[in-house]
Amino acid sequence: MERATGPGSLARTLLLPLLLGLVAGTVTARRTSDLLAPTAEAAFGLGAAAAPTSATRVPATGAVIAAEVTVEDSEALPAAAGEQEAREPEPEPEEEPDIRPCGRSLVIISTLDGRIAALDPENHGKKQWDLDVGSGSLVSSSLSKPEVFGNKMIIPSLDGDLFQWDRDRESMETVPFTVESLLESSYKFGDDVVLVGGKSLTTYGLSAYSGKVRYICSALGCRQWDNDEMEQEEDILLLQRTQKTVRAVGPRSGNEKWNFSVGHFELRYIPDMETRAGFIESTLKPSGNKEQSKIISDVEEQEAVMMDTVIKVSVADWKVMAFNKKGGHLEWEYQFCTPIASAWLVKDGKVIPISLFDDTSYAPNDGVLEDEEDIVEAARGATENSVYLGMYRGQLYLQSSVRISEKFPTSPKALESVSSENAIIPLPTIKWKPLIHSPSRTPVLVGSDEFDKCLSNDKFSHEEYSNGALSILQYPYDNGYYLPYYKRERNKRSTQITVRFLDNPNYKNIRKKDPVLLLHWWKEIVGTIVFCIVATTFIVRRLFHPHPHRQRKESETQCQTENKYDAVSGEANDSSWNDIKNSGYVSRYLTDFEPIQCMGRGGFGVVFEARNKVDDCNYAIKRIRLPNRELAREKVMREVKALAKLEHPGIVRYFNAWLEAPPEKWQEKMDEIWLKDDSTDWPLSSPSPVDAPSVKIRRMDPFSTKECIEIIAPSPHSSRSFSVGISCSQTSSSESQFSPLEFSGMDHGNVSKSADAVCQLQDSCLTDCEGEDGTMDGNDEGHSFELCPSEASPYIRSRERTSSSIVFEDSGCDNASSKEEPRMNQPPVGNHYANKLSALRHSGSKSSEPTVSVSPSRPTTLSLDLTKSSVGKLQPSSPKVYLYIQMQLCRKENLKDWLNSRCTIEARERSVCLHIFLQIAEAVEFLHSKGLMHRDLKPSNIFFTMDDVVKVGDFGLVTAMDQDEEDQMVLTPMPGYARHTGQVGTKLYMSPEQIHGNSYSHKVDIFSLGLILFELLYPFGTQMERVRILTDVRDLKFPPLFAQKYPREYAMVQDMLSPSPTERPEAASIIENAIFEDLEFPEKTLLRQRSRSMSSPGAKHSRHSSSPHSPLPSN
């Protein structure tokens, strides 16, 4: 028996531990099954008596919800979306799930796949538990498909707002209705769409630190688990899910056209019964009011700080990170497999929302910063991004921290009003300036085993991550875009970011960039520096310090012409001229008209006086070279179109206009022939190639604004010289004019040759006072004339010499105002130009004694040798097209010249001045009645006919040539107070609204009329005085003499110069003013003292001058 019982006892001893282990395993399995959440059948009594021991996912129908809780250990990897593998948790002490450690914190994360996870921030971000409620993802939509809305795409936001993306315009706009407004609106959306759907709220009661589902409440009711075993001291997390679903179906077929569903979670913390003092409600209270539906607002956001650790969420990288607040280094991070929708920090009985859009970055300690600039760039978190555009399973969605759509009212009727044509609904716009979340565009993927496993289990995420899915996200290495919300659209943040380098303990770890040794490149560096200095000096001198001989202001009567042809060279190209003659081109101007004289030249071109060969009457012909650009050409055509529509006694009469496009160099050659033709009364002639003069431009005074141009024409027949002086100075006024031109001759036989030199100079040099560089002719013999003689130059009297003067009152190139007047002491000359030159005087000269202008030599000399053929090498850049305008012939003397010739109050009779002004006002009133405005009224634009009738002219031609950037006409249609902001016209006569660039109307002409009336009644002694007084009058500061002598005119001028356009009178009321009623205008006024032209059929035209401004002896 002892032998038999010995082995048996040994066997029983060995089997006893095995039985005990089997019993312990059974108990452990039961306890594990208690930890698992029940399924939907057990929750709502759908046929299951008890919760199964394994978590299974049941498709959500209606409000059926399944839940799965996974308790993680330190070795477990994060659970992937839709993961079905069984997890066997490691046995833990029995008291750990039940007893909550003091001061324990949790980071609760909600992801787009509908799962809830808890991380332990005190244990390096270890996942504490993971819950799948089984109700599907938070976002689902078919609105992004191109076949739904064409080029427009509707992108839902997780909080229920809708945004519209326009592919063509690349703009993001907020749709003026939300999901709730869609549900509240009528069930019929248009004629072919019916809206169905609803809003569901589901509340989950979870154990804060174990993840157990205690109860689930929805519209179908509530279901509880383990009420008996539930401990009162355990903390509860109240998780509420709001899901909004809208479906559009066809009313006849019932087929679904599009749908979308968005949802989000809200978290509250319910502490145990003993720690009610730590209870703080969530910032969100469930309500249908949109103003109360904010989860996080800018004011309410607070940084998730735990001791010295800051919790941050990277939406684009799906990461939760913890940074050390003092050092700024990364302590731990956790990578999720799906995008993060919301995040909270549960700490000390409080729920602190974690901002998903906080740009404040913390640099990890192991990543050493390169320089101080990197630190500043890393700490630039002063602003937040407002909207994040991401993608989940091929579906675009938006997350926003600032509710942009709350600033705009939403209406259930918004859908109907959008379809109406007259509806005006302001749509907020998010500027499409996406900020890619990655710091660099370099396509480098950082390897992550955990993230790769997530992608391998989710084909949608993998495809989305690899190819960017839709057209908005084309860059394959970015998961989304940040759309910034600028500071001017929101209140200033209370948080201020301060960067302190000295107080940072890690400042010593900053690695300075290695210096680059450039010693062996010193030659290249020095050469580059020298080259830059030389180039900069040259450019500055050329641009800002032009040649002193070219420093000359342009005046409105400056001798300019558009047919700037080359000077006559010593060796003419006969072959090219023969080709032009044989081209067969016939000019209409030469066919119908006979040129008489040059009336003047300016920025607009050339004005001729010509006699029509058919009716034998004289007309003014304007010849303008049209610019090549189409827009500028249209501006030049303004005057033609304006004059053709205007027929009034006070406006220059228009007869005809035509275009001519001569062959290359044809116009220049024909000008030479016209100048050489003595049969016409043309004051300009061309010198022969042998007598081609040389031009010398000199500055007479280094402190003077005048220039000297001396032309020396060599002559083999005479040793005496002939000089001419032209003052090219300009006053400070914009209305300045050239000083007269003086001729002083040495030999009467050479007067015609000198006149030829003058004419050639004006056609080639005086256009812009420019010319090709040439050598100075050193021959002392020959004919010369000097422009702009020095005021200090001595005048030498000589009995052997005779003198004559030529007056250029409007333009330096017009000497045709002369008249043939025989002189007693002048010998006969074969050439008829001698008679013309002997009859011309300076307008301000009081003596007829002969004078000679002597110019001392100056070092700054620019000589233009016109005998060189190199000048003729210039070729026109494009074919020239000329516009000819035939219009009424007026006097050369305009109102500006008339005012300058009468510098005293006695010389300006009140009745004459008011008569002139009344005629101007009548012309302006006619313009305004036609819906037009002049915009450039000034004395130089007021002309006189041969019968002393005032004419208003220059309807925008000068403006069109000088202001290419102005797109509006000077004669502009005037529908009431139209908006015109172009700064055109002379600034001295411009209204304040024109100068300031504000909108203006036809009242700008009234302002100019007021200044003209004042200038008519109040003479000025000098141009400086004129500018100063007119500037004061613009500010309603009148001279006392004017107010005393003309009280009624003073009151009218005050009204016309009112700063407010509405207070200025109309032109019609000005004409009807009482000051014009008691005046008797004589049939022939003092205007007859001005120069007038007389012509008779068959006789050459001559101009007589009897003005006191330019007295000439009547010998």
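Even glycines carry a Cβ here, placed using N, Cα and C.
The candidates are Asn259, Asn750; Swiss-Prot tags Asn259 with the feature N-linked glycosylation site. The distance from the Cα of Met599 (ATP binding site) to the Cα of Tyr619 (phosphotyrosine) comes to 11 Å. Val607 (ATP binding site) sits 20 Å from Asp936 (active site, proton acceptor), taking the Cα positions as reference. Rounded to a whole number, the C-alpha distance linking Tyr619 (phosphotyrosine) with Gly605 (ATP binding site) is 16 angstrom. For Gly605 (ATP binding site), the Cβ neighbour count at a 10 Å cut-off comes to 23, with all displayed protein chains included.
Within 10 Å of the C-beta of Asp936 (active site, proton acceptor) we count 24 further C-beta atoms, all protein chains included.
Val607 (ATP binding site) counts 24 other C-beta atoms within 10 Å of its own C-beta, drawing on all protein chains shown.
The DSSP secondary structure for Tyr619 (phosphotyrosine) is strand.
It is Tyr619, among the recorded positions Met599, Tyr619, whose Cβ has the fewest other Cβ atoms within 10 Å in the structure shown. Under the DSSP three-state reduction, Asp936 (active site, proton acceptor) is assigned to coil, being neither helix nor strand. Each residue in the region 'Insert loop' (647-887) has a pLDDT score, and their mean in this model is 45.
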